[in-house]
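S.K.: Take this structure, written in structure tokens, and hold onto it; I'll ask about it next.
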Amino acid sequence: MTSKSSTEVVPEVSAVPRHIAIIMDGNGRWATKRFMPRVAGHVKGVEAVRGVVEACAARGVEYVTFFAFSSENWRRPADEVSTLMRLFVTALEREVSKMHANGIRLKIVGDLSRFDEKLQKLIAEAERKTEHNSRLTVTVCANYGGRWDIMQAINRMVADNPGGTDFSEAQLAPYLSLAYAPEPDLFIRTGGEERISNFLLWQLAYSELYFTDTYWPDFDQEALSLAISSYQQRERRFGRTSQQVVEQMAVAKC
Ligand code: IPE
Ligand code: IPE
Ligand code: MG
């Protein structure tokens with residue numbers, strides 16, 4: 001089923017974000033600051049993912065989505081790219097059983113065709129193993145780009161509707177790679193940069209944005225709590241006036 005679009009209906013807003021999307025940035029700088037190779041930051045970054053996944057499960061977050069490798073990250077030095085791929089393989093080998101035992105569903109989205117066969121096989125197995133779990137859905141975006149996502153969706157939609165014109169948002173939505181999840185309520189970027197870097201361009205239409213200087217390897221449960229507290233102070237209007245939001249909340253409380 002495709003989730004409702006924030007531009008078509010006003011979504012229900014709850015105190016705990018249903019979906020948190022995270023750009024995990026600052027691994028390299030975390031390591032460089034400690035006179036360590038950048039790779040050490042990526043290794044530490046995997047541990048931070050584990051902590052955030054546990055915290056999300058404990059707090060009742062339903063979906064958490066991590067940006068692990070962008071379409072543009074292939075531009076990095078070859079040895080950094082191959083280390084990142086190796087880390088991805090190791091993380092899948094080590095973590096999937098534990099995730100499964102904890103009721104976590106794992107999804108990997110992005111253009112997976114560029115990954116080697118072993119990694120593609122591990123990804124398919126991990127998704128298959130955890131597909132019926134429902135406590136928390138963890139999505140890892142790998143070789144993902146927001147523009148890639150929109151283009152692959154358009155291409156598949158057009159292929160399914162030859163000769164079609166004047167398509168609607170609702171027609172496109174099921175083809176987007178996160179169609180199984182509601183749009184993110186909260187977007188977090190660590191590492192101090194305040195940009196989207198070609199992450200979920202379509203899905204972030206009405207997400208609350210939170211930026212922190214904390215480098216990803218240092219992003220712990222307390223840091224997540226701060227982000228959620230900030231989110232809880234926002235008034236989400238989805239295009240309406242503040243007065244309408246207040247009135248609707250009063251009605252909901254009756
Ligand atoms: C994020 O950390 C991880 C990936 C992009 C794979 P970076 O590696 O971008 O770390 P900085 O931004 O160089 O510190
Ligand atoms: C964004 O971080 C991508 C991931 C975290 C996977 P980058 O470090 O690649 O982003 P830019 O280059 O600073 O925009
Ligand atoms: Mg970076």
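The backbone N, Cα and C atoms fix where each Cβ goes, glycine too.
Features from TrEMBL:
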ACT_SITE  Asp25  active site
ACT_SITE  Asn73  active site, proton acceptor
BINDING   Asp25, Glu208  Mg(2+) binding site
BINDING   26-30, Arg38, His42, 70-72, Trp74, Arg76, Arg189, 195-197  substrate binding site
S.K.: Around ligand 2, within a Cβ distance of under 6 Å, which of the binding-site residues Trp30, His42, Ser71, Arg189, Ile196, Glu208 show up?
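M.R.: Cβ < 6 Å from ligand 2: none of the binding-site residues.
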S.K.: What is the nearest of the recorded positions Asp25, Asn73, Glu208 to His42 (substrate binding site), using the Cα of each?
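M.R.: Closest by Cα: Asp25.
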S.K.: Go through Gly26, Gly28, our binding-site residues, and report the one whose Cβ sees the most other Cβ atoms within 10 Å.
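M.R.: Neighbour-count leader: Gly26.
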S.K.: Rounded to a whole angstrom, what is the C-alpha distance between Glu208 (Mg(2+) binding site) and Arg189 (substrate binding site)?
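M.R.: A Cα-Cα distance of 11 Å.
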S.K.: If you count Cβ atoms within 10 Å of each one, which of the binding-site residues Trp30, Trp74 comes out on top?
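M.R.: Counting Cβ neighbours within 10 Å, the top one is Trp30.
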S.K.: Work through the recorded positions one by one (Ser71, Asn73, Trp74, Arg189, Ile196) and name whichever has its CA nearest to the CA of the residue listed as 'active site'.
M.R.: Arg189
S.K.: Output, ordered by sequence, the same-chain residues six or more apart from Arg189 (substrate binding site) with a CB under 8 Å from its CB, or 'none'.
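M.R.: Sequence-distant Cβ neighbours: Ile22, Ile23, Asp25, Arg195, Leu209, Tyr210, Phe211, Thr212.
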S.K.: Filter the candidate list Asp25, Gly28, Ser71, Trp74, Ile196, Glu208 of recorded positions, keeping only entries whose CB is under 6 Å from an atom of ligand 1.
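M.R.: Close enough to ligand 1 are Asp25, Gly28.
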S.K.: Give me the Cα-Cα distance between Gly26 (substrate binding site) and Asn73 (active site, proton acceptor), rounded to a whole Å.
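M.R.: About 14 Å separates the two Cα atoms.
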S.K.: Where does Arg189 (substrate binding site) sit in the DSSP three-state scheme?
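M.R.: Once the DSSP labels are grouped into three classes, Arg189 (substrate binding site) ends up as strand.
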S.K.: Give me the CA-CA distance between Gly28 (substrate binding site) and the residue listed as 'active site, proton acceptor', in Å, as a whole number.
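M.R.: Here the two Cα atoms lie 13 Å apart.
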